[in-house]
Amino acid sequence: MDNQLLFVLLLLGAIGPQGLGKGPEDLSEELSGEEIPKEDGVLVLSHRTLSLALREHPALMVEFYAPWCGHCKALAPEYSKAAALLASESARVTLAKVDGPAEPELVKEFSVEGYPTLKFFKDGNRTHPEEYTGPQKAEGIAEWLRRRVGPSAIHLEDKESAQALMDTRDVVVIGFFQDLQDEDVATFLALARDALDMTFGLTDQPQLFQKFGLTKDTVVLFKKFDEGRADFPVDEELGLDLRDLSRFLITHSMHLVTEFNSQTSPKIFAARILNHLLLFVNQTLAQHRELVAGFREAAPPFRGQVLFVVVDVAANNSHVLQYFGLKAEEAPTIRLVNVETTKKYAPISEAPITSASVATFCHEVLQAKVKPYLLSQEVPSDWDQRPVKTLVGKNFEQVAFDETKNVFVKFYAPWCSHCKEMAPAWEALAEKYQDREDIVIAELDATANELEAFTIHGYPTLKFFPAGPHRKVIEYKSTRDLETFSKFLDSGGELPKEEPQEPTASAPEAQVNSTTGPKEEL
């Protein structure tokens, strides 16, 4: 290398004195005397200081954020509170943040695809950080980190320590293992790391096995309600299955009957129990409240198979009533829904709500003796008087699968902005073809009407039902304007594949089971 060029490169810092490019380690050595700035107890990192932070802090949580991101702004105070909580405990963990748009090199290195993204670095390992999957509240963030820098389960040595642990919480899980070096213990501890809403203990003491009447390895859930205890014996041949244990703990940590509200709904759907039986009552009325006892009495035989839920129609639960097509004045009543198929069931008869009638209804649904019902509005008297015809559940089949008509249907949600944007083009299309007897332009409110033929998952969804006896359905996925709609109709339901697709609003989920929170895309 030319000496003059070498001198220039050394001045610019492009290579080290040995002729090698500077890596993160070289840079962290160079910055060892530099103090990393803090904001609200959180380190503010850049590509220059990340290596230094990793070297100085063996347990480091890093949030990649964007200044314009609304979700990041909502997380910021909780993140700072978590840092303060951990600092007050002298916990061996540090919280930091990186301005993603200002640090594109780090965004690329750590495959950040949306904001906020949180990654946990252990022992300076830069290549394999753990993606944060915990809640977005301060205590949840702190607890997630506590279980990564400390034990996820408390080691219990005697009866007193076990009792003290059980006295602290409504739900406590204790693993009884004769050999703490067994691989089943590792499985138990791995589950405990992420089950943040439960407290875990661990023991190999014979006196504790004896105290709780155990003779083999068992995970026991102790609770201060319902039956008080639930045992999960470890299979002697297959060992401890993480998924089975997780489902068992979620199922048995819940009350036999859970009241639906904003706090309980995430756990209700996280239980992974597909059948939910809902009792709709007005909790302000004594005669309604009395029905809950019989409802609870019917629940034990169905634990793990049917989740029993009480919905107070006098509370802020109008969205649940709407989902089942009910009005508050129809309470008391019961409904069952399979959250996987979204099929809904109602009792065949209006029998009084008792333990016996509730149990009978559950058995009938599980044995497929009751047919699901579909939501449908009444057919408007003027449904076919406007250029855009109005469809509901009760007249959809008759109109959409009319063998003499080519029917183009918009499935929409009243709140959907994309639906509102395309409404003028849809009206114009209907007016353009209103004199064509073989073409029908229609719309259906998919939030108030359900169809047996298919389920609508996003809005707007556009489907074309060509004339003929074959019941063919073609989904339209192209530009939503009058010209393109017309080409599609005139070609009998075909368009060039390169036509771009416009955005669709996702249907609101009937459940919320994510703990990681929303992200804004890069």
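Backbone N, Cα and C define each Cβ position, glycine as well.
Residues or ranges marked as compositional bias 'Polar residues' by TrEMBL: 511-522. Taken from TrEMBL, the feature disulfide bond applies to Cys69-Cys72, Cys416-Cys419. For 25-150, 368-494, the entry in TrEMBL reads domain 'Thioredoxin'. Annotated region 'Disordered' per TrEMBL: 490-522, in sequence order. If you look up TrEMBL, you'll see 1-21 marked as signal peptide.
Cβ neighbour count for Cys72 (disulfide bond) (all protein chains, 10 Å cutoff from its Cβ): 22.
Secondary structure of the domain 'Thioredoxin' (368-494), assigned with DSSP and counted as helix (H, G, I), strand (E, B) and coil, comes to 30 helix, 28 strand, 69 coil.
This prediction places the mean pLDDT of the domain 'Thioredoxin' (25-150) at 91.
Straight-line distance linking the Cα atoms of Cys72 (disulfide bond) and Cys419 (disulfide bond), rounded to a whole number, equals 29 Å. Cα separation, Cys69 (disulfide bond) to Cys416 (disulfide bond), rounded: 22 Å. Taking H, G and I as helix, E and B as strand and the rest as coil, DSSP gives the domain 'Thioredoxin' (25-150) the counts 53 helix, 29 strand, 44 coil.
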